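K.L.:
What TrEMBL lists as domain 'Peptidase S54 rhomboid' is 127-263. Annotated transmembrane segment per TrEMBL: 54-75, 137-157, 169-187, 193-214, 221-240, 246-264, 294-316, in sequence order.
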Amino acid sequence: MAAEPASSGPQTRVNSRRSYNVVHPVDIETPPLASPAPASSPDVYREVKHFKKWVVWLIPVFVVANVIMFIITMYVNNCPKNSINCIATFLGRFSFQPFKENPLLGPSSSTLQKMGALDVNKVVHRHQGWLLITCNWLHGGVFHLLANMLSLLVIGYRLEQEFGFVRIGLLYVISGLGGSLLSSLFIQTNISVGASGALFGLLGAMLSELITNWSIYASKFGALFTLLVVIAINLAVGILPHVDNFAHIGGFLSGFFLGFVFLIRPQFGWVNQRYGPPGYASSQAKPKFKTYQCILWVLSAIILIVGFTVGLVMLLRGVDANKHCSWCHYLSCVPTSRWSCKTEPAYCTSSQTGNQLFLTCSSNGKNGTYTYANASSSQIQGLCSQLCS
């Protein structure tokens, strides 16, 4: 999607008034597990691998990786060289774009495009499919990065502790891909960056994990209600302008169905049967999983395979999903008397006379004159973004 920053929230859509959308989930206490039936000998204890606590390391690594990518992005951005009126100039080339251009304290849109922001035109016509993944590791500013990383620590730490780094790592990456995929089908004129599609995937997985392992939890109804409220609030943020709610929805749905596949746990009857002390016998052999768990697993696997396949085919064929769903754009922005949902990328006409650079914004008709000798394309794009914002 393309151009300049102007608000904050979970996944980020960048346009002539760029915004970065960040998730602010509430810390949800996972309902306590009901204890397995006691074995006949209280002195015998064996750790049950299906319920052990994992050492958390992958989520912190993800946080560090996102921070490093932001530092590299700011190094490449080099605001003093490519823009005027930079913020925090004492940081040198790490200083931020003008607040009017990017209120989140971050780089320019052109820099994010260089670093791998999601640009549908590049994915479809230049076959740069990796942008569906790389955009999830970029952030539009300091505020965007902090909000997303704090959310990742709050949600991801507990999930990795309960289910391990392999399942949570796959869930995070695939959910991010799902968010990028749905976003690219509906929002095709602006660039997008941010980890919120993956973060919403973790929220969706928390919900499906509670559902599929329903019988082994205590205080389940209270936890379900709290989780639904948190999800609803975060999705509601997406109806504000400049917020890419399609990335949120795509990530949430991907994580929700992945949770049924990755986060299924055996029932306690089977656990007691398998890990009971010598001489322990159950009156009736128990299956590892309940019937409803198996049904949800199969249905979710089918939905994920079909959904991702159809979505990728539609994207690579250049399909604009808005043409097939006239009301779907309201899922990402609801216009009111206080704001408009119409956003256009920043385009300017330019001419150079000596040291004078003349720009005219195509969207609002504003003119600007700047003192630049042989301005580079990056400098012109930065000035254009400011002029059109």
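Keep in mind that glycine also has a Cβ here, set from the backbone N, Cα and C atoms.
Unlike curated entries, TrEMBL annotations are predicted automatically.
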K.L.:
Can you work out which residues elsewhere in the same chain, 6+ from the ends of the transmembrane segment (294-316), have a Cβ less than 8 Å from its Cβ atoms?
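P.N.:
Sequence-distant neighbours of the transmembrane segment (294-316): 120, 123-124, 129, 177-178, 181-182, 184-185, 208, 211-212, 253-254, 257-258, 260-261, 264.
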K.L.:
Let's see if you can do this one: DSSP helix, strand and coil counts over the domain 'Peptidase S54 rhomboid' (127-263), in that order.
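P.N.:
With helix first, then strand, then coil, the domain 'Peptidase S54 rhomboid' (127-263) has 107 helix, 5 strand, 25 coil.
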